[in-house]
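Enquirer: For reference, the structure I am asking about is given below.
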């Protein structure tokens, strides 16, 4: 009896310690200095209503996600509502149909009706000075994403799994969306089974952001590319935003991993891309990205061929060039069973807009094993972010020196998704028969195309915009 009582007491103390822990580690990269809820006493909300209230209020908080918060059905369903079959869906129920929007996204695509969960189409508003931290492996937010807008700043999102947001439907909802923010650290997060973007920034600058040690799991039964891979992965559109993207695991995707537009600047290092049946990087003319020390395994197209002036993807031949620009040697990328990754656009160096701080990079040969062991939920104790946690690392000097020289429940299988293997890429399908159709422009309607009338459905999402077609950033849907 005494032994049982001792074990129970130890378990209770362990639970209390976990609950009181809050944020683990410190942010690095562009989000260095982010404190979130700071010294606020960690507390766990009792239900989804209290969670939404705490996230959106003006009080600094450390919010513990100590269980699954399931928003499915909490705002009702839209039954028999207006949807369509886009030209990308050539595989029926294994593909993604699209929810019609009030700005007429479906256009002339064949109309169908569908039923979807309303909660997923708009994320929960998150205010400034918040730390949102999962406890152990228990922290799950199901059926609804997080939405940071309107000046929200100083936010930490750590060790949570966001999943099951209308994955059957394009425009079903986003997992994490930023627009007009600053100092955001996203760490040890897992995202899976979403209808639209796993992570997205809007047209207003998202400021200084670090995304680290996170898993973007694209395995799905509703694939826009009709091959079991998720297409809508990472989209950066904010003007002059600066994003450190480090030590993340991006797998089973087919595009937008990431897609960068406007003058979004990404420093992507020590990430592991695996089993991408389409493209990883797609950078628009104003976007900039320094890509170094990453591993691409079974990635069909690591980098699209257009607009390469602002992209520097480091190869073994580029180390001296990088040294002359940054004052250090860059780390070459490694590709296995993948397409080409070749771009030495020096325009990226003039786009380094503020101090990214001192960084620690590891050789690409160590990336795959490190990232698989550390990225995602339930792994906060697997290592910190200091140089001692990463073997054979190479410190990178702060970018201030550069600036001086040069003047960014299982409804769908959670819990029984098979373990990721190292098998080859999924079968490649050319999405859609129309020759003018392009995956890279889906969701971006040319001004030359006719603008259809807004849907009359009471469940249509989004808000119409004035002037030339420009997709809403954060209406009742998220972002394209």
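Residue numbering: from 1, along the chain as shown.
Backbone N, Cα and C atoms are what each Cβ position is placed from, and that goes for glycine too.
These figures come from a predicted structure and were not determined experimentally.
Taken from Swiss-Prot, the feature active site applies to 256, supported by sequence analysis. Residues or ranges marked as compositional bias 'Low complexity' in Swiss-Prot: 386-401. For 83-106, 322-330, the entry in Swiss-Prot reads disulfide bond. Here Swiss-Prot flags 111 as N-linked glycosylation site. The annotation region 'Disordered' is assigned in Swiss-Prot to 386-436. Look at Swiss-Prot and you will find 1-25 tagged as signal peptide, backed by sequence analysis.
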Enquirer: Through the lens of DSSP with three states only, how would you label residue 106 (disulfide bond)?
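Expert: In three-state terms, residue 106 (disulfide bond) counts as coil.
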Enquirer: Residue 322 (disulfide bond) to the residue listed as 'active site': how many Å between their Cα atoms?
Expert: 26
Enquirer: Compare the C-alpha of residue 256 (active site) with the C-alpha of each of the recorded positions 83, 106, 111, 330, and give the closest one.
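Expert: For residue 256 (active site), the closest Cα among 83, 106, 111, 330 is found at 106.
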Enquirer: Can you tell me the CA-to-CA distance separating residue 83 (disulfide bond) and the residue listed as 'N-linked glycosylation site', as a whole number of Å?
Expert: 6
Enquirer: Check the DSSP secondary structure of residue 83 (disulfide bond), expressed as helix, strand or coil.
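Expert: It is in a strand.
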Enquirer: Run through the Cβ atoms and count how many others sit within 10 Å of the one on residue 111 (N-linked glycosylation site).
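Expert: Other Cβ atoms found within 10 Å: 12.
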Enquirer: Determine, to the nearest whole angstrom, how far the Cα atom of residue 106 (disulfide bond) is from the Cα atom of residue 330 (disulfide bond).
Expert: 44
Enquirer: According to DSSP, does the residue listed as 'N-linked glycosylation site' sit in a helix, a strand, or coil?
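Expert: Strand, per DSSP.
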Enquirer: State the count of C-beta atoms found within 10 angstroms of the C-beta of residue 83 (disulfide bond), not counting that atom itself.
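Expert: Result for residue 83 (disulfide bond): 28 other Cβ atoms within 10 Å.
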Enquirer: How far is it from residue 330 (disulfide bond) to the residue listed as 'N-linked glycosylation site', counting Cα to Cα, in Å?
Expert: 51
Enquirer: When DSSP is mapped onto helix/strand/coil, what comes out for the residue listed as 'active site'?
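Expert: Looking at the DSSP assignment, the residue listed as 'active site' belongs to neither helix nor strand, so coil.
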